[in-house]
Amino acid sequence: MTLSFTKMHGLGNDFVVIDGRQNDPALETATIRHLCDRRFGIGCDQLVLLTPPTLAGADVHVRFFNPDGSEAGACGNASRCVAKFVGGAPTLQTAAGLLPTAQDGDLFTVDMGTPRLDWQDVPLSRACDTLHLPLHDAAACSMGNPHATLFGDAFRAEALGPGLERDPLFPERANIGFAQILSPIHMRLRVWERGAGLTLACGSGACAAVVNAVRRGLTERTCTVTMDGGDLRITWREDGHVFMTGPAVTVFHGTTA
């Protein structure tokens, strides 16, 4: 099957975007894994599939797939890329809900919705205080996908990430953030992403880290999050909505053989 695609990235978090709005390719798991493979396929942190919306108010239906073929509920960096790809400040229909977007020059903002803080909604496998998990004292929330944030000055993300992602406390596995608070308006973050491993940036992980930091009184509601790939500006508004602002880049267009 021949597929047209666009390679994009947000702060080095890279994506293969397939526009199926006119003809849904109905990708199988094996095909997704192959396309995401950096040696035998195109290579990416996630594959993004666009199809026609099914909800009123949405401009495009977006699905996010990890390199292992599993589906993610949300991806902040990919959402900014989709906003650029589609144009016109689209509202995205995702498994996490409707995500409005906006553009200001080269920067794209996504309303990531409201975080879910109850243990059942993360979800966790048992009742826990999501602000202080019995797991490295992490804090947890859902941004449409499960996140846990560890706060400290030095973490070996590559060593801790795989085990924490699959800890029995997370029945759906989890994205694991390793955050260092630099000031009340600035943090350093690395994220071990569920199904993808350590990436250069994670938009939903940055949102979760700021939410969890604010809950602990560590930062203000607007915070710059510096990751290996660059900076995002995250704002957790008083009305509960989390806004993520950052760049989106088109790298090239191609067609599979």
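Cβ atoms here come from the backbone N, Cα and C positions, even for glycine.
Listed in sequence order, the residues of the same chain lying 6 or more apart from Arg194 (substrate binding site) and placing their CB within less than 8 Å of its CB are Asn66, Ser70, Ala72, Asn145, Pro146, Glu165, Arg173, Ala174, Asn175. According to Swiss-Prot, the feature substrate binding site maps to Asn13, Gln46, Asn66, Gly76, Asn77, Asn145, Asn175, Glu193, Arg194, Gly203, Ser204.
For Cys75 (active site, proton donor), the same-chain residues that are 6 or more apart in sequence and have a Cβ closer than 8 Å to its Cβ are Gln46, Val48, Phe64, Gly203, Ser204. In the three-state DSSP reading, Cys75 (active site, proton donor) counts as coil. Swiss-Prot lists Cys75 with the feature active site, proton donor, giving sequence analysis as the kind of evidence.
The active site, proton acceptor annotation in Swiss-Prot covers Cys202. Following the DSSP three-state reduction, the secondary structure of Cys202 (active site, proton acceptor) is coil. Within 10 Å of the C-beta atom of Cys202 (active site, proton acceptor) sit 34 other C-beta atoms, taking all shown protein chains into account.
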Additional residues surrounding substrate, by Cβ distance to the Asn13, Gln46, Asn66, Gly76, Asn77, Asn145, Asn175, Glu193, Arg194, Gly203, Ser204 centre under 8 Å: Asp45, Phe64, Ala72, Ala74, Cys75, Ala78, Val191, Ala196, Thr199, Cys202, Gly205
Euclidean distance between Cα atoms of Asn13 (substrate binding site) and Cys202 (active site, proton acceptor), Å: 7
Cβ neighbours within the same chain of Asn13 (substrate binding site) - under 8 Å, at least six residues apart: Asp45, Gln46, Asn77, Ala78, Thr199, Leu200, Ala201, Cys202, Gly203, Gly229
Densest Cβ neighbourhood among Asn175, Ser204 (binding-site residues), 10 Å radius: Ser204
